[in-house]
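Only one structure is covered here, and it is reproduced in the block below.
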Amino acid sequence: MAPGPSTLLGLALCLAQTARTQQGTIPKPTIWAEPGSVVPLGTPVTVWCQGTLEAQVFHLDKEGTSVPWDRQKPPGPGDKAQLAIPQMTEQHAGSYQCYYSTPTGWSEGSDRLELVVTGSYSKPSFLALPSPVVTSGRNVILQCLSLQGFNRFFLTKEGEDESSWTVDGERHPDGQIQALFPVGPVTPGHRWTFRCYGFYRHTPRVWSAPSDPLELLVSGLSGKPSLLTLQGPVVTSGQNLTLQCRSDVGYTRFALSKVGGQDLPQRPARRPQVGLAQADFPLGPVGTIHGGRYRCYGGHGLSSEWSAPSEPLELLVAGEEPTGRLRDRPSLSVRPSPSVAPGENVTLLCQSGNRTDTFLLSKEGAAHRPLRLRSQGQDGRYQAEFSLSPVTSAHGGTYRCYGSLSTDPYLLSQPSEPLALVVSGGSEDQPAPQWSQEQTHVVPECPYRGLGDLRPAAPRPPLPLPPTPGSGQTQEVRCCRERRTLRWGCSWTIG
């Protein structure tokens, strides 16, 4: 029968003495807990004691008490008895041992059952240092960290090769208490999933809630996938972003890793076309936490081994200003002119009145990383000069520059106003203009909204005027350069 509050007492000394006198004459019983000996606070657990078929009475003792914690007489012939605990509490946690009696005497005590309650304190944080991605055969440090002031920590490894470790806590430089668990060498073949708990030395069986599970990703040598983003390396704060991991190897799943991060989101592979496996990782609206360097990995089935990492992808977030020190957008200018001939020397000058450690120059539509230069102080301003000498037709396009601080290298300022660089040199270098007509007044903004985001371009290279229809006289001409295709379009008003 289940114990009442008055029976929550300690070890029965007389019973223990009797058991010792009978050792070796009657087989000792077996004790265990279902569903396990580590029990969340408030959940049910059953303690079982199994002896022989001749057992008449079972005793269950809890360390630290002076009388049997529970005594049961089986209702009929049987070799085991149970103690059902409807709701686990801190008072139920402890070290248990059971005995049973037969017509010839008492058995010796069973092995001890350590019954642990979890959830009495908040869960610790759990990290892998330097990363949860580990090359096959290497070691890793697991860090359990808490503000609770625990002086002991417990680490469990889940799966078929289940194991555990206990270490003392030590003070982390930030004031928290940590425990470091060296693990390795990490090899494929089984899953490497861990949890950690914190507790106090004077109550060794009352633990915190478990940490979030941490699974190590074992990186191997199989073909590395590719990681890309359709939006380009610089994204605007608040913009929705998706990273794509793809490979011509027939991987069935992919994982995404951020350098310095602990999350390893996984996605099943899909087949957008024959011979290509791909997974999309939506990051949602981009914010400060998304800036950084990413890699992805491919895996087969449920194997714990993953591919070699993809080449790193740097994600730069523009417009986020967590420190308030990059409020003003930089300015971008060009020397000698925004319209140049092939072979000329061109310098793009990026400047800011705010403290800026690094300037980045980005060309619209380019897939490569932006150019970076350390800023130089000049008359109370910060600046960097980007040389494009000598220019070719490939340098033509729209440029923007950004500022960043060394403390947050992946977070950029607002972009400068766009600067269109025109490299003219004949039809080979400059696409032929595209013409259209309007019979209405031309507003100052570029009218060709259907072509994309157009802005007035100045100075405009010489373009022939179209013949005026009828007897009307051309009164006004306005031309714009389409930012994506670099085509010119003009509009005129006919009086």
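Quick reminder: no glycine exception, Cβ is built from N, Cα and C everywhere.
Bear in mind that TrEMBL entries carry predicted annotations, made automatically and left uncurated.
The annotation signal peptide is assigned in TrEMBL to 1-21.
Across the domain 'Ig-like' (27-118), the prediction's mean pLDDT works out to 88. Annotated domain 'Ig-like' per TrEMBL: 27-118 (among others), in sequence order.
The region 'Disordered' annotation in TrEMBL covers 324-344 (among others).
The domain 'Ig-like' annotation in TrEMBL covers 330-401 (among others).
Under the heading compositional bias 'Low complexity', TrEMBL lists 331-342. Residue counts for the compositional bias 'Low complexity' (331-342) under DSSP, helix first, then strand, then coil, are 0 helix, 7 strand, 5 coil.
The region 'Disordered' feature in TrEMBL is assigned to 451-477 (among others).
The compositional bias 'Pro residues' annotation in TrEMBL covers 458-469.
Counting only same-chain residues 6+ beyond the ends of the region 'Disordered' (324-344), those with a CB under 8 A from a CB of the stretch are 350-356, 359, 389-393, 399-405, 412-417, 419-425, 429, 458-459, 461.
Under DSSP, the residues of the domain 'Ig-like' (330-401) split into helix, strand and coil as follows: 3 helix, 38 strand, 31 coil. Summarised by DSSP class, the composition of the domain 'Ig-like' (27-118) is 0 helix, 46 strand, 46 coil.
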